[in-house]
Amino acid sequence: MAQLEGYYFSAALSCTFLVSCLLFSAFSRALREPYMDEIFHLPQAQRYCEGRFSLSQWDPMITTLPGLYLVSVGVVKPASWILGWSEHVVCSIGMLRFVNLLFSVGNFYLLYLLFRKIQPRNKASSSIQRILSTLTLAVFPTLYFFNFLYYTEAGSVFFTLFAYLMCLYGNHRTSALLGFCGFMFRQTNIIWAAFCAGHIIAQKCSEAWKTELQKKKEERLPPAKGPLSELRRVLQFLLMYSMSLKNLSMLFLLTWPYMLLLLAFFVFVVVNGGIVVGDRSSHEACLHFPQLFYFFSFTAFFSFPHLLSPTKVKTFLSLVWKRRVQFSVITLVSVFLVWKFTYVHKYLLADNRHYTFYVWKRVFQRHEIVKYLLVPAYMFAGWAVADSLKSKSIFWNLMFFVCLVASTVPQKLLEFRYFILPYIIYRLNMPLPPISRLVCELGCYAVVNFLTFYIFLNKTFQWSDSHDIQRFMW
């Protein structure tokens, strides 16, 4: 059975890589010059490729650290030595973009290993389900598209997933080192390094919580009634747990590599004067709470075969009626957050090359009341996401939610790329769906990818004040 699964995996990876190479060829023919953010990334990588590493050579418009450029040089330079290629060839636009295609292969393998580690291997979860889940996430439209451009997404996801995998296997020093590599690609990846530390803490809290519940059961104490009572009991437990010096010392011994990484991050923020390097004018942090609602909607859209069904809607409505007071409070809080904390970034309104421009224009700008009318949909999407993670412990869910808030809420710009990592982490930890739903999901992703690539490559346009060819993209 294991050998058969290996054949399935090899076939899926080979087919995906073949299709990716064909798409890469189409991209290379259509895009012979840097496009969008590549106008900053590619020249910087080429300067590094030429050995010009001084700070005076740094483009101040770049807001991320040089992880992508350093790894690219580490990949393409040995190729020039081994194959005898000229510097002009190995530092070309095509070769640098190809680095991300290599990252996509690594991401495919890491996703497969993570599914094998996270999902219990029993008769209920077949090898076909794991392979299909891996294939589906590997071609997840928002991530897959950026495998063909010189952006930080593919490498950022690679090192973050690698760090998560090492954490699950207990190699925490390696995990923290890989987390640092992820941070070098995108500063906000420090949150997912903290997520790895949180995973350990959640695991230990779950073990202690089970012991506590068993003790209460033996003492025949009444169980908690209702979610608020349960939450209060969990918070009391966490308070008591954190007051124990023995528990704190044990957690520190397990998480010290991550603590060192977080300390280094705080030193960086103090010395740098903020999390962003380079141009900070367009990357202002704020409390943009509706970003959570956008993420839940994004997740419901891309996971609709698993989250949307008449049964789920009926269950949700029944729960709303049963706990109408609690849901009324949640609704009022949500409306208040939408009212007071909705921000519209200047890029969202100015750049008509991104799909988010059209989502905002054709949905949110139709009428001022639309953003409030969407609150019930946000609530259903949030409940559906939480319900699909009920197999995880309450401590894991709390830790994931904290990291989700930290990675989305401070972002002023509505940008689907910011949702890639939290979505992948969510999808990895959701129980393996039935094969029929996975096939449906994969088919939908294939259609979305086809449309995205077709529109990007064929439906070009020009601005009135520029002769440059513009393209639609995520």
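For all residues, glycine too, the Cβ spot is worked out from N, Cα and C.
Under the heading topological domain 'Cytoplasmic', Swiss-Prot lists 1-6, 86-97, 197-256, 305-317, 387-392, 458-473, citing sequence analysis as support. Swiss-Prot lists 7-27, 65-85, 98-118, 127-147, 151-171, 176-196, 257-277, 284-304, 318-338, 366-386, 393-413, 437-457 with the feature transmembrane segment, giving sequence analysis as the kind of evidence. Look at Swiss-Prot and you will find 28-64, 119-126, 172-175, 278-283, 339-365, 414-436 tagged as topological domain 'Extracellular', backed by sequence analysis.
Distant neighbours of the topological domain 'Extracellular' (339-365): 36, 282, 286-290, 371-372, 412-416, 470-474; these residues of the same chain sit at least 6 beyond its ends, with a Cβ under 8 Å from one of its Cβ atoms. Tertiary proximity for the topological domain 'Cytoplasmic' (305-317) is limited to same-chain residues at least six positions away from its ends with a CB under 8 Å from its CB atoms, namely 299, 380-381, 383-385, 387-388, 430, 433, 437-438, 440-441, 444. A Cβ distance under 8 Å defines the sequence-distant neighbours of the topological domain 'Extracellular' (414-436), meaning residues of its chain 6+ beyond its ends; these are 111, 114-115, 118-119, 125-126, 128-130, 132-133, 137, 140, 142-143, 146, 153, 156-157, 160-161, 164, 188-189, 192, 195, 291, 294-295, 298-299, 302-303, 305-306, 345, 348, 354-356, 359-360, 385, 388-389, 391-392, 396, 400, 403-404, 407-408, 474.
Counted as Cβ pairs under 8 Å, contacts with the transmembrane segment (257-277) are highest for 176-196 among 151-171, 176-196, 318-338, 366-386. Note on the topological domain 'Cytoplasmic' (1-6): its mean pLDDT in the predicted model is 76. For the transmembrane segment (65-85), same-chain residues at least 6 beyond its ends with a Cβ under 8 Å from one of its own Cβ atoms are 41, 44-45, 48-49, 91, 95-96, 99, 102, 150, 152, 155, 159, 181-187, 277.
Remote same-chain partners of the topological domain 'Extracellular' (278-283), defined as residues 6 or more beyond its termini with a Cβ less than 8 Å from a stretch Cβ, comprise 58-63, 345-347, 412-413. Away from its own ends, the transmembrane segment (151-171) comes close to residues 37-38, 41, 64, 67-68, 71, 99-101, 103-104, 106-107, 110-111, 113-114, 117-118, 143, 178-179, 181-182, 185-186, 189, 192-193, 195-196, 199-200, 417, 420-421, 424-425 of its chain (Cβ-Cβ under 8 Å, at least six residues beyond either end). Most Cβ pairs under 8 Å to the transmembrane segment (393-413), among the stretches 7-27, 98-118, 284-304, 437-457, belong to 284-304.
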